Amino acid sequence: MRVAKWLTGLLCPISLLLTGSWEVRFHPRQEALVKTLASYEVVTPTRVNEFGDVFPQNRHFSRKKRSSGVPEPPPFRTHYRISAYGQLFQLNLSADAAFLAAGYTEVHLGTPVPGPGGRSTESPDLRHCFYRGQVNAREDHTAVFSLCGGLMGTFKANDGEYFLEPVLRADGSAHDDDHNKPHLIYRQELKRNSFARSHKPCEVSENQMEKTALPSQSSRNTTGDVDIEEEAVFRLEGERSQLHSRNKRFLSYPRYVEVMVTADAKMVHHHGQNLQHYVLTLMSIVAAIYKDSSIGNLINIVIVKLVVIHSEQEGPVISFNAATTLRNFCLWQQSQNVPDDAHPSHHDTAVLITREDICGAKEKCDTLGLAELGTLCDPSRSCSISEENGLSAAFTIAHELGHVFNVPHDDSFKCKEAGIKHQYHVMAPTLNYHTSPWTWSACSQKHITEFLDTGHGECLLDKPNGRTYDLSPQLPGSVYDGNRQCELMFGPGSQVCPYLKHCRRLWCTSAEGVHKGCRTQHMPLADGTSCGPGMHCHRGLCVTRDMETRPVDGEWGPWGPYSSCSRTCGGGIKSTARLCDRPEPRNGGRYCVGRRMKFRSCNTDSCPKGKRDFREKQCSDFDGKHFDINGLPPNVRWLPKYSGIAVKDRCKLYCRVAGTTSFYQLKDRVADGTPCGTETNDICVQGLCRQAGCDHVLNSKAKRDKCGVCGGDNSSCQTLAGVFNSAHYGYNVVVKIPAGATNIEILQHSYSGRPEDDNYLALSDTQGNFLLNGNFVVSMAKKEINIQGAVFEYSGSNNSIERINSTDRLEAELVLQVLCVGNLYNPDVRYSFNIPIEERSNLFSWDPYGPWQDCTKMCQGLHRRKIACVRKSDHAVVSDHNCGHLPMPLFVTEKCNMDCELRWHIIGKSDCSSQCGQGYRTLDVHCMKYSVHKGQAVPVGDQYCGDQLKPPSREPCHGSCVLTRWHYSEWSQCSRSCGGGDKTRESYCVNGFGHRLAESECRELPRVVLENCNEFPCPSWATSEWSECPVTCGKGMKQRQVWCQLSEDPMRDGFCNASTKPESLRPCELRACASWHVGPWGSCTATCGHGYQMRAVKCISEIFGTMLDDRECPQASRPSDRQDCILAPCLAIPEVGATSLPAIPLGRAAQWRHGSWTPCSVSCGRGSQARYVSCRDAHDEVADESNCAHLPRPAAVSLCFSPCGEWQAGDWSPCSASCGHGKTTRRVLCVNYHQLVDESYCDPEGRPVTEQECSLAACPPLYSRAPSSSEQPSHVPSRNVPLTHKPGENQDQGAQLSIRGNQWRTGPWGACSRSCAGGLQHRAVVCQDEDGRSATSCDGSSKPPESRHCGSGPCPHWNYGDWGECTQTCGGGVKSRFVICQFPNGQMTQEHSCELPKPPSMMQCHLHACPEDVSWYRGPWKSCSASCGKGVKYREVLCIDQFQRKLEEKYCSHLHKPRTHKACRSGRCPSWKANKWKECSVTCGSGVQQREVYCRLRGTGRVSEDMCDPSTRPQGQRQCWRQDCMRYQWTTGDWLDCSTSCKKKETYRLVKCVNEQNVQANESLCDPLTKPLSIKKCRNPHCKYSVVTGDSSQCAGNCGFTSPQKITYCTKIQSSKKHTFHQLRPVVYGECPVIPSPQAYKCDLRSCLHVATWKVGKWSKCSVTCGIGIMERRVACRTENGWPSDLCLKRLKPDAQKKCYANDCKLLTTCKELQVTNNVTKDGDYDLNVRGRILKIHCSGMQLENPREYLPLVKSEDNFSEIYGLRLQNPYECPFNGSRRPDCACENDYLPAGYTVFSKVRVDLESMQIKTADLLFSQTLSGKAVPFATAGDCYSAARCPQGQFSINLAGTGMKISNTAKWLAQGRYASVIIHRSQDGTKVYGRCGGFCGKCIPHMATGLSIQVL
């Protein structure tokens, strides 16, 4: 053991030295981390651009945590390069902050207290930090990093996952040098404890445990709950909770739990800067738990706020006492909440995470969390607390949140009661080895579902917006490794137990070491924690990382069968449910949304009379059960409790103890179908009160009418009412109420208006047995009486109005009586009830002409009119039971939907299964709806064609056996979803074996790569007419219907564009509203005791404030104008004598009341109006007028005036004086509609004045003589009077000399008295002397004129047309006419130019009342007038009465007449369709080009050409011209020599077709009739033979000779023109024509030859697995003894090879197809069909979902890329003529320099491009890795490139495409490219200062098959 420890201690420093990290001093946290690692490295990441160029040093880590100021915008993409573990990692990253919401904020309370990693209160903006991308261009190698302050994150590579984080200084600060910042990198799967294998398991003592024990020990509680009412079976009446609003139930809605998470000060001190990240990691686990499918609901955990408490004084008081802490936190979180549920910061529940060691009780600190049951959506109680002890705290938070959802523990009584036992999941009371904390038990699912379905989760329905943020998608174990989880749970220094390593439980050592034992809190390791190479923990199991983790959304399974009926009568319920299991949601996928349960009514017939109440039966099931309640007898009997139960608790089973008022809740819910109460028809379903009708049907609205008939129409009964007011002592019979009576209402008004009364109601049966208030005993309290099933409510006698009422049907006759006692005041009994009508046969009848019902079929169907029962008196539709005794007439039927047909249509056919010979094809058959007039077809459900025989979906076919054919890919998606689009597919030419050929081989075959699709019209919005304004005055909103339709068929709104939806609401405004206004109350009419007071109530216009007639205001809301008043009691009047006057009863004071005035008695002029005036007593009853004599009687008649005309006033005339004061006048006329009438027809009080005074300038003084110089004038002339005139003025304006210097003076002309037709102008003319004084001696003959004519042209006048038609024929309409002001010549002018008042342009008409019950009948729309395109459709609109009889249209003219025609569109018209032109008919010269032209109807396809316009038919043929034809001829070669063999029979020569340039061409271009012979017979001499005797030898033993003999051979003499030689081998003697000499027969040679024979082996397997190959076998010449021999006859030698044919080749074109089809999972080289040629392709990643293809390179040394590293000191020269020289004046400091060779390159076989950035099969020999086909340098700016790349694809079957180009990048970049002739080799030299070349991004590095 000690040796092992010593070795371990020695190996760790050695490993650190090897990694070179001793140079770095780590922060203590990182120091502890590296001690647990098997290896790590310290590296410096380099930021590069997408081409690999290094960024300047100040641009490497530019991202900072933002606070204030204007930040630098982050790049969307960035690239980094890391060299570690002998590999080069290229990180291609893109910004990705999707997991953070736009409004994410933190709330910090208190001043931060520095601690371990203390932080500032300023929350950094983290959005710009986060990036996500790939490593080395591998899509499956993901990388997730934060770039703030360095690179922190993880990435995946071939050998596992790597973690990277900046190295912190020992004091915790970061390195300042951003561009040269050291980073720590380590692999996840290599993390080990350095002593993990040095110890064996040891025992763990109990005294070492803190909160947990080994599984063998007894576990203790880890979650404590305030389980109020959890174990209770019943509760008392006082227990109530708030009623929630109802919504649709039994539907799976998405729920959003908005959570406020609070971290206390201890959390801040412990986690420091990592707090936010850590808390979000915990909540991500919680969110994943609540997304598990086992919860049975779609619940989203959403964090809306994170509150960080730095100072304990700023937050709730947190102590060791769990209950107190929970109470304090609940109070505090309510103050942090926003009440508005729609506010972004509102939270539904609050979670406190604390590191305080909370305790459930004294000395019992094993509690990890606390919450109260069922408090979700309660603002003051929806909260929970959880103790943080590592990542396992997430399970505690989820557990406590489950309690908030009202979920009990998995071992609670409620779970056992439901029959669910031994399931321990999230809600397990304790955590042990058998607990599964990720999933939910069936009990938990049941309670969460019930909690939500019963309306307690309504606050979760709003989807949060704004300040919410997503949780991190990273698995928590990938961020916090196992050792870190131990530290979070048990403190620093704790490590994963080395001998208890499994995912199900996290076992940890103590800080002192493993020798102190291991401990656990029964929590599993976090998901994502490494558990082995390529493995990680997932829900307690160690699984491979490649396990499918994509989210899978759940889908509903089928509905199950309906359950049995819950009741045998009275309306039961059947239910069915479905599960979310097709598939079940996995890996965080969404739970199903929609209805999970359906219900239907059953056994709806009413129960027979006398059957026990259903709720009573359920209570009686508990008879004899007392539940250990004190005071209950053993044989207790339970009765239903109806009254006094809260509305929300009506569906719980409350029962009371018989004989007492005590009641208890015995069950959480009553049986389905139980009525919610006695006063309603609603029934309970699954604990909820659901609507039902009196017919006991769920969701029915049927109600009983006043006759007690369910669904009745009040026509089967009549109402009887009466009054009884006579009194005799004792019981007085009021009325007998017969059996069958319903709606019984009995009132007895107290004579004094007080409850104290001596008259009381009573009920008895016909035998005199009292049922209420009998035997002079009266019930004062309210009560209910059940009389043979009819429930009567009695108000009790202690009411001023005593009341008995019942709505039920009375089954037996009752006698209503009134008991009179005491002073025998007359009773005031008022009663009413309904009794059935006995004789109804002649009251009702069947009407067969009801509304049309739905058509029986979508097309070619029938519909019929509904037969309704109507009342004969008014033809009103009544319930059918009223006509039940009458025979029903025959239905009126009519054909419907005749404009369409339903037919099976073959939409498409597959290709024939056999390419040659008999096969079959599948047919795509659908039901289509064909429009007869529109000419279009729409697919419908197949069920609509169910009455027709469906064509078979398979038909025989025959392959064309063509040698070539077009092979197609799948069709693409249609370019448009409606309105006609196109879809395309790819095609290529193949032969019969599926091998790809040149397209020219198939050019004669039709090629279909484009097809029309989705040619049906798009849905569009349709609108109805605007409704009338819904208000009678003021402002309102009128509306219209807006719907989405397709060819007039309604569709869901989602099918139409929401942005173009027309408005459905529009404001409207009518005349101003009138409202009641009240004045102050007057004085009381009494001075003591009771009286009343009055006030004024007026109807006032809201806008003008004028008083209106009372009829303009709503009478129902008229305020009272009278109220009682009570003053001090009156003094008692002492008695005088034995008798006194009877006292006036209090409240008997009378007053005058009056109604509103009637309309005036005349329509115009003076008349009279009247009103009703009456004397009313205190009860508002009519009293004798003598009782009101003390008050003045209001007038009952008044004079009134209704003006017949109106006053019209003209313009004022000019002032009568030219100066000073005068008068002006105008005309005032009484006009009625432009006609002058007598002034008596106008209101004299409103007559305008006709005369008024006018004032002008003061007049000048007049003098009778000239004053002397000594006299002073008595008046100074006004300044306004001119004293002098300028000479030369005309007569009008100048002065005229007169006698002695006097002259006339004139003033300015006044305004013209008229603007037209001879008006007058006036001016002042005065005589003045030289001094300007008034004189009288001016020459009268020369006096200027005082007036003159003015105004030119005639005056305009009013012109008007005839009155138009009245808008209504009755009920008051309006007619109008055109009124204009114009001159006699017809010229129009402004209206004010006409002097007379404007005649009215509108007036009322047809004021008589309209006839009732008429309406417009709208007939069905006729067919469209056009068979295609736009047209018009018409319908019949008739005026009919209530009996459907046709009337003249004038009777309906007051109603808006519906339109009789509208535009229509009958689908698209057929049109010509022209395909593309085919190839020219000749290859040279003049030919013909054709194309297919046909008539097409969209949606149907080809139709007859007669349907299209022949004049517009496109041309189907045209001439074409190719290049001039070449002349071809046959040419021959020389014949082969026949003399080479005496046996040769034929000779050959070469015959070929050549063009004019003697270039060989295809033989089809030459005339086959003139082709020369290529074969002819040889004429050779016969072969010559000779006999040759060989040396002596022994014959074979079996040849018959035993002595040596000379062997004689027969040989053939070969002769040619130059040589004669012998054949080397003998021939058979039978063929030899030469007879040998006798001595030659020494051996029996013929016998020897026959002994040697050919021997053959077995055929080998075919050389190919598919297609045509070769089979081989061994053939050898052997003797009988098996010896090899040369004596076998060659012509008899069997074949050693032959052709073979394997199965048809399935052309595998990608590694993915190879993986799926042949189930290949091993990486390696495989033969794939690449564009018709079989090539060797390397498949990599065959065990992954998407393997990749690589092209093996024959010579890797010829495939390299280089970035040259030397740089000239003088960059503006090119030394050595551009050659490389090591002795150049250069510096070797170019950082991107590198040299990479490639053994394989990745190819995209679909786009035929090489992925140059893939470096998987590359080796970097020096420097940095360089992508394929890339070169560059920083050598020179003088076009002297030194960087080079080489491509050699020889032997691969591919070449570089001619379209491949290289792009120069950088400064002074130059590119030199050399290609081989066959395209297999490319060499390039690139460079600049600094520059490089890469394949052009637009084309990529394209390749082609040779």
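Cβ atoms are placed via backbone N, Cα and C, with glycine included.
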Given 47-68, 113-134, 201-222, which one carries Swiss-Prot's region 'Disordered' label?
-> 201-222
Between CYS565, CYS569, CYS580, which residue forms the disulfide that Swiss-Prot gives for CYS602?
-> CYS565
According to Swiss-Prot, which candidate among CYS542, CYS569, CYS651, CYS655 shares a disulfide with CYS607?
-> CYS569
Tell me, from CYS377, CYS383, CYS537, which cysteine Swiss-Prot puts in a disulphide with CYS459.
-> CYS377
What's the CA to CA span in angstrom from ASN1562 (N-linked glycosylation site) over to CYS377 (disulfide bond)?
-> 87
Give the one range among 255-464, 553-608, 962-1015, 1354-1411, 1707-1906 whose Cβ atoms make the most pairs under 8 Å with those of the domain 'TSP type-1 12' (1468-1526).
-> 962-1015
Given the recorded positions CYS565, ASN1057, ASN1719, ASN1777, which one's Cα is the least distant from that of CYS580 (disulfide bond)?
-> CYS565
Using DSSP with the three-state reduction, classify ASN1057 (N-linked glycosylation site) as helix, strand or coil.
-> coil
Given the disulfide-bonded residues CYS383, CYS486, CYS518, CYS602, which one's Cβ is surrounded by the fewest other Cβ atoms within 10 Å?
-> CYS602
Across the whole of the domain 'TSP type-1 1' (553-608), what does the mean pLDDT come to? Round it, please.
-> 87
Closest to CYS518 (disulfide bond): which of the glycosylation sites ASN805, ASN1719, ASN1759, going by Cα position?
-> ASN1719
Which of the recorded positions CYS359, CYS542, ASN798, ASN1719 has its Cα closest in space to the Cα of ASN805 (N-linked glycosylation site)?
-> ASN798
Cβ distance under 8 Å to CYS443 (disulfide bond), same chain, sequence separation 6 or more: which residues?
-> VAL407, PRO408, ASP410, SER412, LYS414, CYS415, ALA418, ILE420, GLN423, MET427
By CA distance, which of the recorded positions (CYS330, CYS542, ASN798, ASN1057) lies nearest to CYS592 (disulfide bond)?
-> ASN1057
Quick one: give me the count of other CB atoms within 10 A of the CB of ASN1759 (N-linked glycosylation site).
-> 23
So of all those recorded positions, CYS359, CYS497, CYS508, ASN1719, which one's Cα sits nearest to CYS459 (disulfide bond)?
-> CYS359
For the glycosylation sites listed here (ASN92, ASN798, ASN805, ASN1719), which one has the lowest count of neighbouring CB atoms within 10 Å of its own CB?
-> ASN1719
On a count of neighbouring CB atoms within 10 A, which of the glycosylation sites ASN714, ASN1057, ASN1562, ASN1777 is highest?
-> ASN714
Relative to the Cα of CYS365 (disulfide bond), which of the disulfide-bonded residues CYS377, CYS486, CYS537 has the closest Cα?
-> CYS486
List, in sequence order, those disulfide-bonded residues among CYS330, CYS359, CYS497 whose Cα sits within 10 Å of the Cα of CYS508 (disulfide bond).
-> CYS497
Counting every protein chain shown, other Cβ atoms within 10 Å of the Cβ of CYS377 (disulfide bond) number 20
